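All remarks here apply to the structure that follows.
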Amino acid sequence: MASRKAGTRGKAAATKQAQRGSSNVFSMFEQAQIQEFKEAFSCIDQNRDGVIGKSDLRETYSQLGKVNVPEEELDAMLQEGKGPINFTVFLTLFGEKLNGTDPEEAILSAFRLFDPSGKGVVNRDEFKQLLLTQADKFSLAEVEQMFALTPMDLAGNIDYKSLCYIITHGDEKEE
């Protein structure tokens with residue numbers, strides 16, 4: 001009987017530890033950040049089933065103007081989750097990326113979607129229009145506030161490499 005109780009306690013402890021392990025991801029972020037991640041997750045979860053799948057990723061890319069995403073690229077994204085990507089897994093992936101690797105590269109990759117020529121700049125007016133009309137829409141005041149802090153080139157385009165540096169390091173890069 002005593003050995004049965006010990007076995008039961010061991011299972012209960014393992015269950016509680018697993019729950020704590022998954023809840024630790026929530027302690028990595030402030031509540032406002034978690035809410036922003038939840039909104040991002042909702043934008044990507046196109047079919048609203050609570051899990052990000054290949055069709056969700058394809059549709060999200062399509063809305064961003066990239067329609068011919070290779071299957072291998074979508075599969076690689078999904079494999080990072082090592083199983084179904086629900087919100088907790090999504091948050092864990094971001095936590096790992098932000099704490100384990102350089103997030104600057106991820107941000108640069110996102111901006112590169114809007115820079116097909118690879119010049120390191122994004123058209124200010126086109127980007128403003130996207131911010132005002134797509135996904136988690138910005139207000140005009142928010143866009144103007146962001147642009148007030150955003151490095152621009154002489155033509156008025158966004159220098160996204162410098163912007164990424166500011167986002168990830170807090171200061172403008174000294175050259």
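Positions of Cβ are set from backbone N, Cα and C atoms, glycine also.
Note that TrEMBL annotation is computational and uncurated.
Confidence across the domain 'EF-hand' (32-67), taken as the mean pLDDT and rounded to a whole number, stands at 93. The domain 'EF-hand' feature in TrEMBL is assigned to 32-67 (among others).
A Cβ distance under 8 Å defines the sequence-distant neighbours of the domain 'EF-hand' (102-137), meaning residues of its chain 6+ beyond its ends; these are 39-40, 43, 63-66, 143, 146-147, 152-153, 155-161, 163-165, 167-169. Residues annotated as domain 'EF-hand' in TrEMBL: 102-137 (among others).
Tertiary neighbourhood of the domain 'EF-hand' (32-67): same-chain residues 26, 74-75, 77-78, 81, 84-87, 90-91, 94, 113, 134-136, selected by CB-CB distance under 8 Å and a gap of 6+ residues from either end. Counting residues of the domain 'EF-hand' (32-67) by DSSP class, helix then strand then coil, yields 23 helix, 1 strand, 12 coil.
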